[in-house]
Structure formats: structure tokens, C-alpha cells
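Below is one structure; the comments refer to it alone.
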Amino acid sequence: VLALWKHNLTGSLEFILLGLSEDPELQLILFALFLLIYLLTVLGNVLIILAISCDSHLHSPMYFFLFNLSLSDMGFSSTTIPKMLINLHAHNRTITYAECLTQVSFFFLFGGMDSLLLAVMAYDRWVAICHPLHYQVILSPFLCRCLVIVSLFISLVSSQVHCLLVSQLTFCINVEIPHFFCDVPELVKLACSNTTISDIVIFLLGIILGFFPASGILYSYYKITSSIFRVPSLLGKYKAFSTCGSHLSVVCLFYGTGIGVYLSSTVSSSSKESMVASVMYTMVVPMMNPFIYSLRNRDIKKALWKIVRQIT
């Protein structure tokens with residue numbers, strides 16, 4: 001039975017991650033599945049990074065942003081999966097206060113980076129299709145670096161604000177979190193203290209890192225679609241839109257699963273449904289991104305084959 005007295009967060013406080021299942025046999029299957037997902041995520045994103053680094057033909061703004069997206073995806077997966085694998089293997093569901101704060105910090109750092117980088121990449125596609133003659137001038141190396149640095153700065157501020165919010169919460173000792181990682185909305189729900197300010201701040205940060213980038217992506221694709229419809233030939237329309245195919249697929253996957261996580265946590269009372277949606281968001285999406293870009297992008301495929309030939 002959980003103690004009913006309030007306890008300020010200290011190094012001695014531990015959270016209990018209930019995880020996806022308590023069945024030992026199912027936990028073994030989940031361990032193998034999530035280990036495979038993590039290895040594929042790391043391998044896929046490392047190959048994308050190597051391909052872009054080694055091939056001079058890929059030293060363009062679009063691939064510069066993809067390079068950073070791959071780094072962010074690896075960080076996003078590494079925030080939650082390794083700890084979950086350790087807990088599954090050791091049959092230990094606890095996570096310390098320090099580990100929880102670290103997880104919260106990196107989760108919002110890399111999650112925010114993903115969202116903002118996808119918006120930046122949508123802007124890149126808009127300039128490439130609507131202003132092709134001025135593409136290299138508008139998206140200069142300096143501007144590209146600035147866009148990534150600003151994205152990193154906003155994400156870092158957001159992660160530290162979330163970390164500060166959690167550190168100010170008061171919990172009953174040994175709190176059971178119905179999740180496989182330290183999910184901030186779940187922590188806020190379980191707090192013994194007043195969470196009105198935390199709820200407001202989390203909502204505002206959600207608008208900054210979710211609504212604004214999504215609005216920028218929608219506006220970019222509205223301009224892209226308008227420009228493509230003015231192309232007279234069907235082949236020209238196909239070529240123009242095919243350059244956006246990979247990015248659009250990743251955007252739909254990222255924001256689709258993100259909306260699924262939000263709806264499952266607010267509409268549904270079942271924590272299992274929320275966890276399944278979070279698995280898609282935190283594990284499947286980072287794993288799929290490199291495959292989407294490598295399968296749909298001819299230049300990436302050529303660069304990857306060069307690497308394979310060099311190794312063999």
C-alpha cells in the first residue's frame with residue numbers, strides 16, 4: 001500500500017514503472033521485440049548518417065536536415081528503450097528520481113527536435129519546389145546551421161522547463177507509473193500537490209512544439225500543392241511531388257502517432273491503450289524513418305550501396 005503522506009522528491013525516492021505486461025513469458029517476447037526494434041533504429045539511422053557524410057552529392061540542405069533528424073531519432077529511442085530493456089531483463093521495474101528526471105529531459109529534447117526539424121524540412125521542400133532557382137541562395141549553409149541551432153535551443157529550453165516542473169511536484173512515496181517510461185502527463189496525474197500551473201505550462205509548451213511546427217508544415221504543403229497544380233504536365237507534377245514523398249510519409253507517421261498518444265491519454269481511461277500508442281510514437285517511428293528515406297530516395301540508396309561495396 002502506498003504511503004499517504006507527502007514526500008518531497010529526493011535521491012531516495014523511486015518510481016515503479018508498471019510497463020506493458022507483468023507476465024514473465026510475455027516480458028521475454030517484449031524484450032526480444034524491443035531489442036530488435038532498437039538495433040534496427042540505431043543501424044538504420046547510422047547508415048543514413050554515414051551515407052550523407054561520405055557522399056559529397058548529399059551535401060545539400062535537405063540531407064543536412066535529414067542528418068540531424070537521424071541523430072535526433074537515435075537520441076529519442078535511446079531515451080526510453082535501453083532502460084526498459086534493462087528492467088525487462090532484470091525483472092526490476094524501478095527507476096530512480098535522478099533517472100526519471102534525466103529521461104524527461106532527454107525525451108522532450110529529442111522529441112522537440114524531431115518536431116521542429118520536420119517543420120524545417122517542410123520549409124526546405126517549399127523553397128526547393130516554389131523557388132528552385134534561388135534554392136541555394138535562400139537556404140545557405142549559414143541559414144541551415146542557424147535553423148538547426150534554433151531548433152536545438154527551443155527543444156533544450158522546453159526539456160529543462162519540463163524537468164523543472166517534475167522536480168517541483170510532490171509525490172506519495174514509491175509512486176506506480178502506469179507506463180514503460182517517465183511520462184510527464186502520468187507523473188502530473190499521480191502528484192499529491194496542486195498541478196494547475198504544471199498543466200498550463202505543459203499545454204503552452206505543447207502548442208509551441210506541436211501546434212506551431214504542424215501549422216508550418218501544413219502551410220508549406222499548401223504552397224507546394226498550389227505550385228504543383230500550376231505545372232502543366234502530369235510528369236512534371238509527379239516529379240515535383242515525388243521529392244516530398246519521403247518527408248510527407250515521415251510527417252504523417254510522426255504526427256499521426258503523436259495525436260494517437262494524446263487522444264489515448266485524454267479520451268481513453270485505459271493506460272494500456274496509451275502505452276501501445278506510445279510504443280508506436282517512441283519506438284516504431286524512429287525505426288521507420290531511415291527505411292522510408294532509404295527506400296523512397298534514389299540518392300540515399302546509391303550512397304548506401306557505395307558503403308556496402310566498400311565494406312565487402
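Keep in mind that glycine also has a Cβ here, set from the backbone N, Cα and C atoms.
Pulled from TrEMBL, these are the features on record:
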type: TRANSMEM; residues: 28-50; note: transmembrane segment
type: DOMAIN; residues: 44-293; note: domain 'G-protein coupled receptors family 1 profile'
type: TRANSMEM; residues: 62-81; note: transmembrane segment
type: TRANSMEM; residues: 101-123; note: transmembrane segment
type: TRANSMEM; residues: 135-157; note: transmembrane segment
type: TRANSMEM; residues: 200-222; note: transmembrane segment
type: TRANSMEM; residues: 243-263; note: transmembrane segment
type: TRANSMEM; residues: 275-295; note: transmembrane segment
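Looking at 62-81, 101-123, 135-157, 243-263, the range that has the most CB pairs within less than 8 A of the transmembrane segment (200-222) turns out to be 101-123. The stretch from 62-81, 135-157, 243-263 with the most CB pairs below 8 A to the transmembrane segment (101-123) is 62-81. Among residues of the same chain six or more beyond the transmembrane segment (135-157), those with a C-beta under 8 A of the stretch's C-beta atoms are 61, 64-65, 68, 108-113, 116-117, 120, 123-124, 127-128, 208-209.
For the transmembrane segment (62-81), the residues of the chain that approach it from at least six positions outside its boundaries are 34, 37-38, 41-42, 45-46, 48-49, 52-53, 103, 106-107, 109-111, 113-114, 117-118, 120-121, 124-125, 128, 144, 147-148, 180-181, 282-283, 285-287, 289-290, 293, 299, judged by C-beta separation under 8 angstroms.
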